[in-house]
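Q: The following feature annotations were taken from TrEMBL:
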type: DOMAIN; residues: 2-225; note: domain 'Glutamine amidotransferase type-2'
type: ACT_SITE; residues: C2; note: active site, nucleophile
type: DOMAIN; residues: 288-427; note: domain 'SIS'
type: DOMAIN; residues: 461-603; note: domain 'SIS'
type: ACT_SITE; residues: K608; note: active site, for Fru-6P isomerization activity
Amino acid sequence: MCGIVGIVADPDIIGNVAPILVQGLKRLEYRGYDSAGFALIECSSNKLLIFKDKGRIDKVVEEYSVHKYCAVCGIAHTRWATHGEPNTVNAHPHVDCRNEIAVVHNGIIKNFAELRQLLEERGHKFKSETDTEVIAHLLEEYLENGDSMWEAFKKLVKVIEGAYAIAVVYAYEPNRIYFARKVSPLVIGLGEGFNMIASDIPSMLQYTKRFVALNDGEYGYIEPYRLYLEKSGTPVEWHHRVMTVTWSIEDAEKGGYPHYMLKEIMEQPRVLYETYTGLMSSRELEKAAEILASADHIFVTGAGTSYHAGLVFAYFMARIARRPVITFISSEYLAYRSLDHSNSALVAISQSGETIDTLQAVRSFKSSGGRVVAVSNVVGSTIPRESDTTVYTRAGPEIGVAATKTFLTQVLALTSIALALAVHTGSLTKAEYTEAMRELRNASHAASSGIDRSIRLVELLASSLRSKNNIYVLGRGLGVPLAYEAALKIKEVSYIHAEAYPAGESKHGPIALVEEEFPVIFVGVPPEDELLEKLQSNVMEMKARGASTIVIGTSSYRELEGVDFYIDVGNYSEILAPYAVVPPFQLLAYKLAVMLNRDPDKPRNLAKTVTVE
């Protein structure tokens with residue numbers, strides 16, 4: 001959840017790295033944080049300067065006038081508390097007793113308590129409650145015993161246990177940043193006369209397009225003109241791993257919209273087209289289908305929005321490919337850990353490719369003999385690298401914490417996988433497959449229609465819902481996972497309690513809460529000939545108890561009686577309905593947040609990328 005960024009530069013190329021650190025760290029705000037800090041090695045004196053505090057990055061920058069200091073090297077950090085409460089003392093960077101070593105760290109050091117006790121017995125004075133501070137003092141201890149910093153750092157990597165991404169600067173080596181990666185992501189940015197390190201690519205996009213994603217267990221250092229990597233004491237050749245990213249910096253900015261969330265909702269038609277084009281021009285679907293076809297059992301996992309996309313996938317796997325699948329939330333993998341997966345396949349869905357619970361499920365699944373198909377948005381991230389093959393969603397950077405465009409691009413990629421498997425196994429003929437993929441090309445148009453036909457109506461609907469404390473979202477068939485995603489979006493960004501249920505389950509408990517003007521939103525999707533009549537019954541059940549009934553769905557649902565408010569997204573087939581139905585719910589969540597003075601880009605207590613169990 002935390003964010004790291006660092007840069008070391010030739011002062012003749014970049015005179016002062018402090019502004020770059022500030023901008024880079026701000027582009028990691030989407031990961032979520034409660035405090036921020038900077039460690040700079042001053043240009044003239046090589047003195048180590050530390051600026052940190054609880055609260056927003058801008059607050060720290062303004063309070064300490066970070067821009068005014070000249071630095072040749074520095075690291076910065078946004079913290080999401082895991083050890084110790086969020087305050088100034090616990091904020092990163094952390095330093096040693098002499099204020100010569102500064103450390104920033106994401107993850108958890110599992111053996112920090114015993115290491116801290118040992119170091120305190122040797123006279124080290126700790127200031128914080130964090131596990132991270134152990135790193136600075138341990139390096140100091142090794143230096144006092146005569147090791148060089150590089151020797152000390154290699155010893156450190158052998159001693160600490162847990163999941164971590166670490167960056168370290170040393171006042172007496174102003175031209176070097178040390179780093180190590182285990183589980184938590186780290187990426188190197190290669191520049192001309194400078195090199196960078198960060199948790200994620202967007203923080204470095206303004207300065208370079210060339211990156212090296214670190215593999216698990218790698219450590220090393222960067223200098224202005226050098227990257228050095230090791231793993232288990234052996235040098236690592238990295239030049240063939242350099243990837244050039246085509247995202248423009250504008251892709252990671254708001255593009256004239258007041259919030260990233262709105263920008264990312266509105267760009268879904270374009271992004272879906274790019275996802276479709278990318279899938280059609282690669283062999284990703286074919287490789288995924290081959291793995292799934294050879295499996296006796298197929299499992300699907302994800303967390304949050306990715307899990308909901310997995311439920312859509314499970315629906316289409318049954319309807320189109322005629323293969324039942326087992327879906328589970330990544331953090332609940334325990335039930336399946338003891339199984340022999342040698343004849344099974346796992347579809348692991350993660351926007352970031354770094355979601356820790358999903359990654360642990362992938363590793364456990366593979367260790368028991370299974371094969372893994374990853375669905376991810378980030379090339380070079382950990383889950384794709386550890387999977388047998390990957391289908392990429394190509395949504396570009398998503399800065400808003402609440403997933404929008406990445407959900408629908410996941411749905412498009414997963415539906416395409418189901419279709420590819422269906423033709424591979426004979427559930428669809430080649431002609432039927434070709435026609436279905438041709439139809440999916442219209443996902444972009446469906447999303448555009450859903451936005452255009454709802455944007456004004458959503459404003460009216462949000463005005464009527466802003467004072468509500470509770471909302472139900474009900475659906476049937478394909479509408480159930482879409483309802484789950486809709487309710488998640490509403491509560492994520494507006495903080496209004498919203499719950500989703502299969503409409504048929506509403507009478508088994510949820511209806512007990514329904515009273516006068518209780519808002520109930522129904523998701524209307526194909527096949528209408530099977531679902532419309534049943535949904536009509538559910539609408540009337542709610543209406544009889546005084547509920548405010550709302551429908552967001554395809555045109556056929558206009559036939560429903562007893563509906564107080566209706567958003568018609570157009571007439572779409574089952575395979576295209578999600579792209580038309582979902583954007584109005586996203587817009588509703590966004591409008592509610594804005595009307596209630598919430599920040600839709602940074603919901604409280606949430607983080608974009610969850611890298612701690």
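Yeah, the Cβs are placed from backbone N, Cα and C, and that goes for glycine too.
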Q: Given the model, what does the mean pLDDT over the domain 'Glutamine amidotransferase type-2' (2-225) come out as?
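A: It averages 92.
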Q: Measuring Cα to Cα, how far is the residue listed as 'active site, for Fru-6P isomerization activity' from C2 (active site, nucleophile) in Å?
A: 10
Q: List nothing but the one residue from C2, K608 whose Cβ has the fewest other Cβ atoms within 10 Å; the candidates are the active-site residues.
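A: Each of the active-site residues C2, K608 was scored; lowest Cβ tally within 10 Å is K608.
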Q: Give the three-state DSSP assignment (helix, strand or coil) for the residue listed as 'active site, for Fru-6P isomerization activity'.
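A: In the DSSP reduction, the residue listed as 'active site, for Fru-6P isomerization activity' maps to coil.
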Q: Per DSSP, the residue listed as 'active site, nucleophile' is which: helix, strand or coil?
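A: In the DSSP reduction, the residue listed as 'active site, nucleophile' maps to coil.
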Q: List the helix, strand and coil residue totals of the domain 'SIS' (288-427) as derived from DSSP.
A: 68 helix, 27 strand, 45 coil
